[in-house]
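Chemist: Once you've had a glance at the structure underneath, I'll fire off some questions.
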Amino acid sequence: MYKIVSIPGDGIGPEVVAGALAVIRQITKKHGFEIQVEEHPFGGASYDLHGSMLTDETLNACRDCDAVLLGAVGGPKWENLPHEHKPEAALLKIRRELGLFANLRPAKVYDALVDASSLKADVVRGTDFMVFRELTGGIYFGEPRGFDEKRGWNTMVYEKHEVERIARLAFEAAQKRGSKRVMSIDKANVLEVSQFWRNEVHRVHRDFPDVELSDMYVDNAAMQIVRNPKQFDVIVTGNLFGDILSDIAGMITGSLGMLPSASIGRVHALYEPIHGSAPDIAGKNIANPIATIASVAMMFEHSFCMADISNEIHAAIEGALSEGLRTADIAAPGQKSVSTTEMTEGIIRHLGA
């Protein structure tokens, strides 16, 4: 039996998580195994109840489970709190306390939605790649950092173990995905830290002789992702470059409501849609649950090692979309849109009994 901690959070978080949990219930019923779900408050919802965005009880529950499912955090109600009490600080803390060092962001275009992309349909059709972004090092955390009246400074630094563990994760994923290709993204032509990154990735690659490794400069990668996204399978890169490239890749799909993510550590993992809490549509039952449901698909693949069930969920999403179901964010002008609940029910219907 697996144990999931559900932290729905704020805004549309509870609505999209409810849809994802309904999918989990259908999967366990269909395949005859059990998943225990334990819900805890997080973010603004937790602050309103307990005066803390992340209570010790919630954190301990997240430590004592197989996977964490997060909805969304934040909203205007809590924007004026001190930085250390803001929802974003709680999210950084939970990632740090769980030892999450890799962010996984898939860029998958469903056939039924090729026309929703801002790129031409023939460019994006068949796109299916994964960005592995290192989360704990690089310029976001390097010291020294600061600014005065005359200058500002930051330090981009990577330790050997930080590069090794993210590279190893990417190579292992490439082996499982079948095409066995990894593209390492850096700026080794001008940055010494990128030269170090490249050397370490190539050193780790010696343990994976069946995987093809290529290198690409980050500026070229940004261009290639929108020019020919199908050329990529697994991308591995540092914190700053990954932050930028994963957002570029994400827009290929046509809506933030389609984009799942996973943050992975040696023991723990947290799964969440990349969209925000969208307080303007919260409680209206119109949010797109697909990103959260696709995050559950990632959970089955990476935490539970059930790639077949992950594929089932993606196929059910594709089936619902092919049927013509669209929430408002992915509906074409004049096209009828469905509710959060209706989209969830459509996906469950395509999962089968």
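Every residue, even glycine, has its Cβ placed from backbone N, Cα and C.
Residues annotated as NAD(+) binding site in Swiss-Prot: 75-88, 276-288. The substrate binding site annotation in Swiss-Prot covers R95, R105, R133, D219 and is backed by sequence analysis. What Swiss-Prot lists as site 'Important for catalysis' is Y140, K187, and the listing cites sequence analysis. Annotation source Swiss-Prot lists Mg(2+) binding site at D219, D243, D247.
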Chemist: In Å, rounded, how far does the Cα of R133 (substrate binding site) sit from the Cα of D243 (Mg(2+) binding site)?
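Modeler: Rounded to a whole number, the Cα-Cα distance is 7 Å.
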Chemist: Given Y140 (site 'Important for catalysis') and D243 (Mg(2+) binding site), what distance in Å do their CA atoms have, once rounded to a whole number?
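Modeler: With distance taken Cα to Cα, D243 (Mg(2+) binding site) is 11 Å from Y140 (site 'Important for catalysis').
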Chemist: In DSSP terms, helix, strand or coil for Y140 (site 'Important for catalysis')?
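Modeler: Once the DSSP labels are grouped into three classes, Y140 (site 'Important for catalysis') ends up as coil.
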Chemist: In Å, rounded, how far does the Cα of D247 (Mg(2+) binding site) sit from the Cα of E79 (NAD(+) binding site)?
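Modeler: Cα to Cα, D247 (Mg(2+) binding site) and E79 (NAD(+) binding site) are separated by 23 Å.
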Chemist: In sequence order, which residues at least six apart in the same chain have a CB under 8 Å from the CB of A282 (NAD(+) binding site)?
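Modeler: For A282 (NAD(+) binding site), the qualifying residues are D10, G11, I12, E15, G75.
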Chemist: Can you tell me how far the Cα of A278 (NAD(+) binding site) sits from the Cα of R105 (substrate binding site), in Å?
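Modeler: The Cα atom of A278 (NAD(+) binding site) is 20 Å away from the Cα atom of R105 (substrate binding site).
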Chemist: Long-range same-chain neighbours of D219 (substrate binding site), Cβ under 8 Å, sequence gap at least 6?
Modeler: K187
